[in-house]
Every structure is written in C-alpha cells, then in structure tokens.
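This report refers to the structure that appears directly beneath it.
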Amino acid sequence: MKHILNLYENINSTARNNSDCPAVILPEEIFFTVSIVGVLENLMVLLAVAKNKSLQSPMYFFICSLAISDMLGSLYKILENVLIMFRNMGYLEPRGSFESTADDVVDSLFILSLLGSICSLSVIAADRYITIFHALQYHRIVTRHRALIVLTVLWAGCTGSGITIVTFSHHVPTVIAFTALFPLMLAFILCLYVHMFLLARSHARRTSSPPRANMRGAVTLTVLLGVFIFCWAPFVLHVLLMTFCPADPYCACYMSLFQVNGVLIMCNAIIDPFIYAFRSPELRVAFKKMVICNWYQ
C-alpha cells in the first residue's frame, strides 16, 4: 500500500522504541463484516431511490452521491482483504507488478471515498442553503438536469484528484493538500450554516414560526456532517502526524490506534443510512416496502 494509506506500517523503529503504547490490532473479520454491512446498507439507499419515482429529486440524488462515497469506502476494505487472501494463497506475487497496480486501484477507491464524501456534503449544504434562502425559486434553480450535471462534474473531478493523490502520495505537498480539504470543507459549510440560521431566525421573528420543513434538511446535514467529522478526523490527524512527526513518541502513541481509526471510517458507511431513514419519512417508507416485498417473494 502507498504512503498515504498504509501509514501505520511505515512508522519507523525509533518511534516504536520510544513509545510505550502497543499497537492496537483488530481482527480482519471485524473490518470485513463492517464493510459488508456498509455496502449492503448503502446499496439499499441507491435501490430505494432508483425504484421510487417520488424520491428521484435533486435532494435524494445528492444523498445517493454520499451513499456511493460511503459504499466505496467499504468496498475498498473488502477488495484489500481479497488481495491479501490471494497473496497469502500464493496466487499473487508479493510486491509484483499486478499487486502494485491492484494496490493503486484500491487506494484510489479509498481516496475517492473521502473526496466524494467531502464534495457530496458540500453539495448537500449548498442545496439546503438554496432551499432556505431561495425557497420560492428552488425548483427553478435546482432541477434534476442541473443536479446530474453537478454530480457528473463532481465525480469526474474527484476521480482525477484521487488518481493524482495516489500517484504522488509520497510527496509532502500532496499530503498537505489532501488534509487541507477537511478545514476547507468545514469553512465552506460553516459560512452557509451561519447565513442559513441567521435567515431562519429572521424569518421566525417576522412570521412567529420557523420554516420547519426547510430547516429539517439543515438539521439532517448537521448530523451527517458531525458523524463524518467524528469518523474521518482521526485518520486525517494520523496522516498529519505520520508526515510531520513520525519519530515522536507521542505521535507514535496516537498512531498505534491506526486500525481503530480504520474501523471508525467503516462505521461511517453504516451510520449514514440510518440517519437518512430516521430523518426522511419518504425514504423510511421506501425501505419498509423493499424489506416487505423481499420477505414475501
């Protein structure tokens, strides 16, 4: 695996000797099980939207984009486990050209998952902002055609960026640019949040009742964003520590939790669909119909 994704294994011996923190090793079965559940849950989200015309709106298209990002994050770990299994069985030459290429592809899926999540959350934030700030013109501004164009450009950009990051992952500027996406996304969404809630408070003062329907989507975004930060921030911090203080015993102590941070990332893919279902009655009904239909078939 490349520098930016296999950070824990690259901690040098000096850091390990100076740190009293033993590495936390989790069974691969945990990663594999959590990844499978994450793929299945997000696949249900995609199928629910695809099968129900009432859900085929720009808002749910953006949710599907986030579900695809989560699914890629889970799929990355499944494919990695498969490659490791084939290598242990002798079907792959260790450090051979095929394994190196396969590693690059798998690493690209992981980076694509993070970039896709960041961009999808930003697009959802922009969609919620337009819903609240330009409620009367929303359906004219945010059409299904425009939403699909935005998502096409978004994923094309994420794919190109992911390949570039994996190719130049051993360069410090690449790591800095990679980790800078986190605060930039937070700054963008925070600016939209401040304007959204100031507008909502102003609306509530004028009408004595807040725009509950529009603000519901903003609350859902808040929960999604909080879960995303909680699950991904430890890994991003790991990247920074591995790059700038790999020999420091305190940094090495934190980096001993690398596999725990990996499980957190996998859990993000499991938690998000529950948030969709809990916050969206339409999607919850679609899930129930899918389960009931499959049960009686």
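The backbone N, Cα and C atoms fix where each Cβ goes, glycine too.
What TrEMBL says about a protein is an automatic prediction, not a curated fact.
Look at TrEMBL and you will find 30-50 (among others) tagged as transmembrane segment. Only residues 6 or more beyond the boundaries of the transmembrane segment (30-50), in the same chain, are considered here, and those with a CB under 8 A from a CB of the stretch are 56, 60-61, 63-64, 67-68, 70-71, 73-75, 77-78, 81, 262-263, 266-267, 269-270, 272-274, 276, 283, 286-287, 290.
Sequence annotations record features per position, and here TrEMBL assigns domain 'G-protein coupled receptors family 1 profile' to 41-276.
Annotation source TrEMBL lists transmembrane segment at 59-79 (among others). Long-range contacts of the transmembrane segment (59-79) within its own chain (CB-CB distance under 8 A, at least 6 residues past either end) are made by residues 31-32, 34-39, 42-43, 45-46, 49, 105-106, 109-110, 112-114, 116-117, 119-121, 123-124, 127, 144, 147-148, 151, 154-155, 217, 224, 262, 265-266, 268-269, 272-273, 276, 283.
Taken from TrEMBL, the feature transmembrane segment covers 108-126 (among others).
Residues or ranges marked as transmembrane segment in TrEMBL: 147-169 (among others). Remote same-chain partners of the transmembrane segment (147-169), defined as residues 6 or more beyond its termini with a Cβ less than 8 Å from a stretch Cβ, comprise 2-5, 58, 61-62, 65, 104, 107-108, 111-112, 115-116, 119-120, 123, 175, 177-178.
Within its own chain, the transmembrane segment (175-200) is flanked in space by residues 4, 111, 114-115, 118, 121-122, 125-126, 128-129, 132-133, 165, 169, 210-211, 214-215, 218, 221-222, 225, 229, 232-233, 236, 239-240, 243, which lie at least six positions past its ends and keep a Cβ under 8 Å from the stretch. Per TrEMBL, the feature transmembrane segment maps to 175-200 (among others).
Per TrEMBL, the feature transmembrane segment maps to 221-244 (among others).
Residues or ranges marked as transmembrane segment in TrEMBL: 256-278 (among others). Residues 7-8, 19, 21-26, 30-31, 34-35, 37-39, 41-42, 44-45, 63, 66-67, 70-71, 73-74, 77, 117, 220, 223-224, 227-228, 230-232, 234-235, 238, 284, 287 of the same chain sit 6 or more residues outside the transmembrane segment (256-278) yet have a Cβ under 8 Å from a Cβ within it.
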Tertiary contacts of the transmembrane segment (221-244), as residues 6+ beyond its ends and Cβ separation under 8 Å: 4, 7-8, 10-11, 66, 114, 117, 121, 124-125, 128, 172, 175-176, 178-179, 182, 186, 189, 193, 251, 254-255, 257-258, 260-262, 264-265, 267-268, 271-272, 275, 279
Sequence-remote partners of the transmembrane segment (108-126) [C-beta within less than 8 Å, at least six residues beyond its ends]: 4-5, 59, 62-63, 65-66, 68-70, 72-73, 75-76, 79, 150-151, 154-155, 157-159, 161-163, 165-166, 178, 181-182, 185, 188-189, 192-193, 221, 224-225, 228, 232, 268
